[in-house]
Amino acid sequence: MKLKYLVSAMALVVLSSGTAMAKTPDMGSFHADMGSCQSCHAKPIKVTDSETHENAQCKSCHGEYAELANDKLQFDPHNSHLGDINCTSCHKGHEEPKFYCNECHSFDIKPMPFSDAKKKKSWDDGWDQDKIQKAIAAGPSETTQVLVVGAGSAGFNASLAAKKAGANVILVDKAPFSGGNSMISAGGMNAVGTKQQTAHGVEDKVEWFIEDAMKGGRQQNDIKLVTILAEQSADGVQWLESLGANLDDLKRSGGARVDRTHRPHGGKSSGPEIIDTLRKAAKEQGIDTRLNSRVVKLVVNDDHSVVGAVVHGKHTGYYMIGAKSVVLATGGYGMNKEMIAYYRPTMKDMTSSNNITATGDGVLMAKEIGASMTDIDWVQAHPTVGKDSRILISETVRGVGAVMVNKDGNRFISELTTRDKASDAILKQPGQFAWIIFDNQLYKKAKMVRGYDHLEMLYKGDTVEQLAKSTGMKVADLAKTVSDYNGYVASGKDTAFGRADMPLNMTQSPYYAVKVAPGIHHTMGGVAINTTASVLDLQSKPIDGLFAAGEVTGGVHGYNRLGGNAIADTVVFGRIAGDNAAKHALDK
């Protein structure tokens, strides 16, 4: 029988009474007092970097997250969009716990149990160059055919593709949980020529996908990469579905001429659905996935071929993994303030919607060995990040019918324009913010909107007039905006701003609004790759043994990325990178 009474007590402590139950200085001591060190650790005690055994012990006593979920709590860490992550992501054995939710949110809650425990310096705070060089001099402590760095969508897809091609794979990530930026993606995956489009009667063409992406990127994209993205996008959706993902729903993202963004039915966010699917597939296929394992240096031989990497493990320290192929899938640098200030100084004070792991590690390591960069100084702002927060208000909300207005309640641009144009337009409005407004129809249709309500981000009014008063908008202006927009929906033509897709009117009470402003969302550039996802050197020649996919790369999206193309990028080029990395390794 699981310790459900203890679980309930601890859940209440987390969100109410602080450290009331903690009579010992830390969680490890608490469990030792109840039994022994072996209550958590294997005998003899040897903790892996992923803390796999310890997490299994947690669940053997306390139950899986589904059992721990408590719908009586306003915010339930055990039932969140992060999915089934490691217990030790937040609960620490012999040190102060860490409430990871507040890395993005600002929940006003009491301390977690054992929060009076000693706070230790982060295990990966800084890189010890002497130890890195010693690890290289000692040579590989183990070898694999393919080493994948970064366990987001690109990394998981690369690992699964390499495994399918017959290679042995090790997948590492510096975070205590997998997912990366993909885990917090809300929109979906763009694809052309899918069964979903056929079922919904949507006519689309590969040429249209390419044209839309190139136009959105201001013609600065590498058209060869965009063509591959378009041509292989439908197969990417089918691949995810074969692994168990649900992508039945369709909507239109900004810059697309038709509905081509595939997402889960019921209004769920796409990121958790895709990452949970990939996590399960990697586990089922026996891929060696290591968390708390930060790659700190790529290792090259005298011929300048990549032959492995130095890893800094939370418990194992610095060691080298020898690999015939390495895939970089480390994401962008949207959370690296120094890199943002250097490459895009005008955005250095902006908030970011990114996962805290998006610190540009892969870019820096690739530059160190002579990799070429492309579009590295282009950074995309998402127009609708919750004002004074890091919570992304998904483009899906506008895509399924919401309207954007300024502080007075007046529209100022088509809601489905590209992100760069929408961001620029918002920054030209009084106060440099906007309101996203919608009615109860959209509230019921888009599940993520109910999440914003749960986070107390929504303003509400039983009438349009009440909504205007609660937000400070001008009553007459907002009333006219809603009336005019409903007329456009009825006629099928937006004569004010030319919005092509208007799936919902605003006629059903109550009415809602959420305050938004632009925030750093996607770093457009990174390492240069070719059509096989090989990383290029300064002479535009492939670096032997090094591949890359996802936001760590540049060239796919040009100056500005369209919503839905990032997940497509991670799936399509993640698979290409993994497949070619495996072929390279197996041929050596």
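Yeah, the Cβs are placed from backbone N, Cα and C, and that goes for glycine too.
A quick note: this is a predicted structure, and the numbers were derived from the prediction, not measured.
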In Swiss-Prot, the residues C87, C90, H91 are said to bind heme c 3. Which of H78, H81 is said to bind at that same site?
H78
The succinate site in Swiss-Prot includes H382, S394, E395, H521, R561, G564. Which of G187, G193, G201 is also listed there?
G187
If you run the three-state DSSP split on E395 (succinate binding site), which class comes out?
helix
Listed in sequence order, residues not in G187, H382, S394, E395, H521, R561, G564 with Cβ within 8 Å of the centre of the succinate site Cβ atoms:
S185, A186, S253, G254, L392, R419, H522, G563, A566
Cα distance (Å, whole number) from G564 (succinate binding site) to E551 (FAD binding site)
13
Over the region 'Flavoprotein-like' (135-588), what is the model's average pLDDT?
97
Within 10 Å of C37 (heme c 1 binding site) by C-alpha distance: pick out those among the recorded positions H31, C101, R419, and say none if nothing qualifies.
H31
